[in-house]
Each structure stands twice: as C-alpha cells, then as structure tokens.
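Quick look at what Swiss-Prot annotates:
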type	residues	note
ACT_SITE	200	active site, proton donor
BINDING	12, 14, 197, 278	Zn(2+) binding site
BINDING	14, 16, 170, 279	substrate binding site
SITE	221	site 'Important for catalytic activity'
C-alpha cells in the first residue's frame, strides 16, 4: 500500500494540532491548568475525535485544549520536539510542520517571537535524536484579524531563515484572503513560498484569490475546486498542489462521508494532490491511516497511491537537490 521505494511525506500537518494526550495531562498539572477530566484515561475523549463524531465546533474545542496547556516557552519547545519524534515514529521521511505562534501564545500571553524561537529550538533538538527531515511553515491566523496577523508575521519573519513557507489559515468566510494581500507581499519579498487554506469553507473564488493575489503555489484542502471546471483546469496546468486531508475533512464536516470526498475527482482531472494528516493529534491518526483510508474508502489502486506519494515529494517546499536526496535515501 505504501511504496517503500518512494519517500513518505506529510506536507499539511499542524504542529499545534498534534499535542500528545499525556503531554496535555502533564503540562496541565505542572502549570495548575484545570483540565476537563480527572484522569489521563478519561482525558482522551475531550482532546481527540472519538468514533464518527463530526462537527467543526467540537473539532476546534479539542484543538483549543492542545494550545491551552502551552503555559511557557519550555512547553512550546517540548511540543515541537515531540512533533519531530511523532513524525519519525510514524515512518515519515519528510514532514512540513506548520504552526501559528499567535494562537499558541494567546492563552498565556507568551511573546510571539519567543514562541517561534521555542518551536525552532524544539525541532532542532528533535532532529538530533530522530532520523527524519523537517521543515517549518509559519501560519497567519486570519480569524484574529489583520492587526494580529501583522504581529504574527513580524514574529515569524524574525526567524525567516528557519522557515520554508507561510500559510493563511482560520476563518475563511469571515476573513477573506484579500484582507491579507499586504501581509503576503511581505512574505513574497522575504523569498518564502506560500500555501493557503482555501476552498474549504468558502467557494472556488477563495482559491483563485489565494493563487492570483496571495501567490499560493499550494492549497490546503481546496475541496470546493471541483465545482469550477476552469479552476480545475488551471490547477492541473500550473501544477498547483492540493494538500488533501480526507479524515480531517470528515471530522470537520467539510465532507459528509469518505464517499463524498473529491480526492478521486482531482486525480482524474490530473491535478497534483497528496495525502496529509492535518491535525493528527486531534484526529488520532497518522499518515499510514490516511493511506489505508485512500485505498479502502477512496478506492485508490496501489499504483495511484504510489503516484500520490510521488506527488507529495514534487509538491514539497524543497530544492531539487533535497528532493533527489530523499529519493536516494530510499535506495
């Protein structure tokens, strides 16, 4: 199912959406933070999706618990370190970990630049102990408004040498992409790549805007592109990558069922698309789960799954030499 001769990657993976249950428990107790359960065993249902529970509100509430225990910069560094460990232990050869320093900082009023530095330090420490390649993507969380995103951008750009790209995430309907055109001009001026959450809650126009105005060369989720034939043609022609996260889309009610997921439609249209975990801590999944789902529920053949793996390597924010090195390590 997973082709071991091809690098296994996860490109849409939120660091702040992957905090271990035991880490939430330990940090909560360490910092005197009230948790919704009185034992480690009973905490899981409050911070991870259980069974077929699918609602965006329930999903986001679980995500809030993950950042709610980030009471100091040591906690941030620990979570970053554990993200590297989790990526390696799930069999990934390469992962791009994205994070919103404003979101991670806000509960306990941490310094945004300090959060970025703690993430960088935690990842560096993890890379000393685990054999996996990691790059970082900074997120601007649109839900908090333009001014907050300016603060976030400045904190991230202070450490731009440790980032490969910037992302726009959050409330796509309430805060459309055009509000952040100036922010992403600064991102382009900093020579960082751009991806954006688009076409998830809003329609295809949100994706057009992200590509044409923000400068996105990849789109997170993008499920609503399938209703716009011209956009589908454009995505295929210009090799705009779709970072697909089927289980997350189910958990947030972006799609009603796996059978309704448009992954197959993208593939048949020749669009560059890959598989990702999104918030693996909340969804309680790993990349292997997504490949199993792609085979059993999305009905992809082994040959198609191998193509999806190759797509991920092509889509990655890597140099050609780094891509070749990933393949060489699999021989």
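Each residue's number is its place along the chain shown, starting with 1.
The backbone N, Cα and C atoms fix where each Cβ goes, and this holds for glycine too.
Predicted, not measured: the structure shown is a model, and the values here were computed from it.
Features per Swiss-Prot, on structure.
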residue	record	Cβ neighbours (10 Å)
12	Zn(2+) binding site	29
14	Zn(2+) binding site	27
16	substrate binding site	26
170	substrate binding site	20
197	Zn(2+) binding site	27
200	active site, proton donor	21
221	site 'Important for catalytic activity'	27
278	Zn(2+) binding site	28
279	substrate binding site	28
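Measuring Cα to Cα from residue 200 (active site, proton donor), the recorded positions that fall within 10 Å are 221, out of 12, 14, 16, 221, 279. In this structure, residue 16 (substrate binding site) is part of a helix by DSSP. Apart from 14, 16, 170, 279, the substrate site neighbourhood in this chain, defined by C-beta within 8 angstroms of the site C-beta centre, holds 15, 17, 63, 98, 99, 100, 103, 139, 169, 278. In this structure the C-alpha atoms belonging to residue 12 (Zn(2+) binding site) and residue 170 (substrate binding site) are separated by 14 Å. For the recorded Zn(2+) site, residues 12, 14, 197, 278 set the reference point as the centre of their Cβ atoms, and the other residues of that chain within 8 Å of it by Cβ are 13, 17, 98, 167, 169, 220, 221, 243, 245, 248, 276, 279. Annotation note: the residue listed as 'active site, proton donor' sits in a coil segment as assigned by DSSP. Residue 197 (Zn(2+) binding site) sits 6 Å from residue 221 (site 'Important for catalytic activity'), taking the C-alpha atoms as the reference points. DSSP classifies residue 170 (substrate binding site) as coil under the three-state reduction. Annotated pair residue 221 (site 'Important for catalytic activity') and residue 16 (substrate binding site), C-alpha to C-alpha distance, rounded: 18 Å.
The two recorded residues residue 278 (Zn(2+) binding site) and residue 16 (substrate binding site) have their Cα atoms spaced 10 Å from each other.
Residues 14, 16, 170, 279, recorded as binding substrate, reach a greatest CA to CA spacing of 13 Å.
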